[in-house]
Amino acid sequence: MDSHEVLLAATYLLGTLAAFCLGQSGRGGLDIQVMLSGSNSKCQGQVEIQMENKWKTVCSSSWRLSQDHSKNAQQASAVCKQLRCGDPLALGPFPSLNRPQNQVFCQGSPWSISNCNNTSSQDQCLPLSLICLEPQRTTPPPTTTPPTTVPEPTAPPRLQLVPGHEGLRCTGVVEFYNGSWGGTILYKAKDRPLGLGNLICKSLQCGSFLTHLSGTEAAGTPAPAELRDPRPLPIRWEAPNGSCVSLQQCFQKTTAQEGGQALTVICSDFQPKVQSRLVGGSSVCEGIAEVRQRSQWEALCDSSAARGRGRWEELCREQQCGDLISFHTVDADKTSPGFLCAQEKLSQCYHLQKKKHCNKRVFVTCQDPNPAGLAPGTVASIILTLVLLVVLLAMCGPLVYKKLVKKFRQKKQRQWIGPTGVNQNMSFHRSHTATVRSQVENPTASHVDNEYSQPPRNSHLSAYPALEGALHRSSTQPDNSSDSDYDLQVAQRL
């Protein structure tokens, strides 16, 4: 082998040795398993190495590390890269990370575990800790954000009343909601659309529209505390079209207004209604008309709105009486207080005006469906009359009965007495002498029309001598062959 070949072989060996040495230093301890513990991040914590299938902490005095944490950090770049973290920041002991576990002490080059020994529990050595930068999070490039649009409301439109005037039901400030957008409605005094008011009251199931309230009337008497809690929303709607037929057509959005006046309505079904009664008459259906406000009863003063019969007919129905009979005004004391209703009917009176001097009252008379019965004195008189009638019948009844029977028998005796056959032309007449004598002896019988009805009582002369003789003979010798009670043959012989 010549010198040239020897030189080439030596160069090759030196290159191989240099490559080996550079490879070892470049890997910088990547041949060991390292992890960081004791924190919530994988990029900071106590250094633990895997030896003998166990994870062990490393004493901070190992590998002759300096006290400068930042200088030591340069030697831990390979470890941070292996942990997929950023650049190293500090390497050394940290009092906050002091949890040794199977701790070892290593010598030699940094991150070499060829010369590591277990330490005793008596050795006071803080574990070695490492802090690396957190890995950078890769975020996708920003995309163009579409413009935000407010979706159209899907809930059906609705109305709501915030109680205002004296806390009455079906009265108050009107709020309109369309989806999630809600608010009160701007009210303009020049606009008084009756159709819109009826639509609002009908939608709220409160009957028909009565009136709008101005700001002063809407304030009125304050409502109870429990009803004043809900405050009306600000004005966000207006009603440009008063002749609309649906809620969505009636209202349109407007800018929020704090100083404007909100729409306030009173519907016919407001509650509670005015209570009324009639006092001072003979029954509950007659008397002076009185009304009640809260717990106070006062007379209802006469007003121009009550000139017709409508108010008083309604009052009669309210008292469960019949039809209205009459009504008239009655003078009252000048100091007598009362209430005044400005509406035509009491059912429309949402507010009663207090008056200190009620000069004219109204006396109303309604038909009483349940009139009073008979007085006790009248009933007693009727009973006494019936008792007397029964006693009278008991005393006089038999006498009257006897007289009636006797009169009936006398009528049966008034019959013709004379011949009944064809050839029997003989008749019996009272003699004139007997008749005159009987009238003289019995003057009371002269007025009798039928001279046969009452025979003479005090006369010794018979009025019918032939007849009496025949009767006497026939009674002694009865003849059954004759149909008559008188023996006519004997009478003919006489």
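Quick reminder: no glycine exception, Cβ is built from N, Cα and C everywhere.
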Next item on the list: Report which of Asn178, Asn425 appears in Swiss-Prot with the annotation N-linked glycosylation site.
Entry: Asn178
Next item on the list: Given the candidates Tyr350, Tyr486, specify the residue that Swiss-Prot annotates with phosphotyrosine.
Entry: Tyr486
Notebook entry, point to check: According to Swiss-Prot, N-linked glycosylation site sits on which of Asn117, Asn480?
Noted result: Asn117
Margin query: For Cys321, what is the disulfide-bonded cysteine listed in Swiss-Prot, choosing from Cys285, Cys349, Cys358?
Written below: Cys285
